[in-house]
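**Student:** According to Swiss-Prot, the feature ATP binding site maps to Gly12, Gly13, Ser14, Ala15, Ser16, Gly17, Lys18, Thr19.
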Amino acid sequence: MQFNPIIIGVAGGSASGKTSVAQAILQRVGADRIAHIDHDRYYKDLSHLPLEERARFNFDHPDALDNDLLVAHLDALCAGQAVDLPTYDYATYVRLPYTERIEPRPVILVEGILIFYEPVLRRRMHIKLFVDTDADLRFIRRLRRDIAERGRSVESVIEQYLATVRPMHLEFVEPTKRYADVIFPGGGRNPIAIDMVVARIEAALQSMA
């Protein structure tokens, strides 16, 4: 059975404010009507590598993500089937044995830095949003987040930013801005843009009713 949900993509650089935009949409549209998927859950398992090598892995390259699994999950949700989202441990760089089940909803909201890079993902999205934030602000946010939430040291965050995060953003993330239907300037704190997106979602949902 085809469920035909509306698929929304929220992209942007690391720590750009994607989650803030996603949460604003969830609050306005209603979490009971949205299946929320974070692309970060789909990082490939690195348990076969020594810990030091895992720490040097390029997580900002498209090949770091299991997009085949994400596509399979999107297609399953569109077919009215529940899916089990993977859980990733950012401290040890491995996929954990437990999952989180989500049920089909009228709206699927996917967020991640690279969700517009892969054509196979882009083609499935009805509304594409890009959160555009200054690089210095993104770095400060990332530094605070990785220290507080992921147990990282200041030195390791800076090293990773210079080695992979910044160059991969310029090569793979920034160019995908051209695919966006709406660009959120200033880190996503744009209530007018949120109003426009929510109105578009509500209109689409009414047309499906």
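Cβ coordinates are placed from backbone N, Cα and C, and glycine is handled just like the others.
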**Student:** Among all the protein chains here, how many other CB atoms are within 10 A of the CB of Ser16 (ATP binding site)?
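**Tutor:** Looking across every protein chain shown, the total is 27.
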**Student:** Please report the number of other Cβ atoms within 10 Å of the Cβ of Gly17 (ATP binding site).
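**Tutor:** Gly17 (ATP binding site): 23 neighbouring Cβ atoms within 10 Å.
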**Student:** Near Ala15 (ATP binding site), how many other Cβ atoms are within 10 Å of its Cβ?
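**Tutor:** For Ala15 (ATP binding site), the count of other Cβ atoms within 10 Å is 22.
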**Student:** Could you check the binding-site residues Gly12, Gly13 and say which one's CB has the fewest neighbouring CB atoms inside 10 Å?
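**Tutor:** Lowest Cβ count within 10 Å among the binding-site residues (Gly12, Gly13) is Gly13.
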